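J.: Here's the feature list from Swiss-Prot:
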- HIS154: active site, proton acceptor (ACT_SITE)
- CYS162, CYS165, CYS203, CYS208: Zn(2+) binding site (BINDING)
- 33-303: domain 'Deacetylase sirtuin-type' (DOMAIN)
- 1-32: transit peptide (TRANSIT)
Amino acid sequence: MIVRQLWCSRGSTSHLCAAVRLNWRSPKMTRPSSDLTAFREHFAKAKHIAIITGAGVSAESGVPTFRGPGGFWRKWQAQDLATPEAFSRDPSLVWEFYHYRREVMRSKMPNPAHLAIAECEARLGQQGRSVVIITQNIDELHHRAGSKHVYEIHGSLFKTRCMSCGEVKANHKSPICPALDGKGAPDPNTKEARIPVELLPRCERKSCNGLLRPHVVWFGETLDSDILTAVERELEKCDLCLVVGTSSIVYPAAMFAPQVASRGVPVAEFNMECTPATQRFKYHFEGPCGSTLPPALERHESEAV
């Protein structure tokens, strides 16, 4: 078992979860290699590749992370708004925040890392090999790059869930409702819109009209059990794992790759810096993912043209 051991307690499994440092006592390990040629030999032989991606991938497309210094929207940190309690207390304010994030994403494009992953997935698929993307990001940039086999473990900015009937539905409207048009500016001096709840996004199912919420994982919420089951299955069968642009300090995704490594599967980390999990991996490639990942995933000389 991989994922089920990592089922986190209530309050620690959000896509905006505060950084939780891994507290294992790592045994003495060999320093990870940065030998791209050696990695490429593993890549050429792999039949089932799992690629775990985090905020670092999207950051290279200019997507705000709302983490660390300056990670504010108006005067609030993301964790102030990304909770069921905040939505219950002030759905207008929370929807302004998510409307802003949705609109920002319309100007962002997949970067070379997204495109390299999508091209690799398509190419290896034609060879009877598989690539699966397990992403902590909620921006759908992997989909826009052309990736097909994507698990969005923290949900999507472009899906909604009805608070009444529970329907989950893709929603790419801009604005998502008329009352939010022009709202959501991030400037701290911006006046709150205070939109009446009946004018916020509503369910379109006949006879429902329930209040919609963003279909993302908030503080105090657990991840979707069906998605975790599928992720567990993918991680158990993979014979090569890449960890791309993730800090490895947020649960449960922080433990995915280390547990894959614990069964002897090569794991390669692509990140701007070392992480608490780096010493557990066979490879570490430091630098922008958009620069380090494409040459790692390009066609190998052993592949048929």
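Cβ from N, Cα, C; glycine included.
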J.: Can you figure out which of CYS162, CYS165, CYS208 (the binding-site residues) comes closest in space to HIS154 (active site, proton acceptor), comparing Cα atoms?
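T.: Closest by Cα: CYS162.
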J.: What number of additional C-beta atoms lies within 10 angstroms of the C-beta atom of CYS162 (Zn(2+) binding site)?
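T.: Excluding its own Cβ, the number within 10 Å is 21.
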J.: In three-state terms from DSSP, label CYS165 (Zn(2+) binding site) for me.
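T.: Its secondary structure by DSSP: coil.
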J.: Just name the winner among CYS165, CYS203, CYS208 (the binding-site residues) by count of other CB atoms within 10 A of its CB.
T.: CYS203
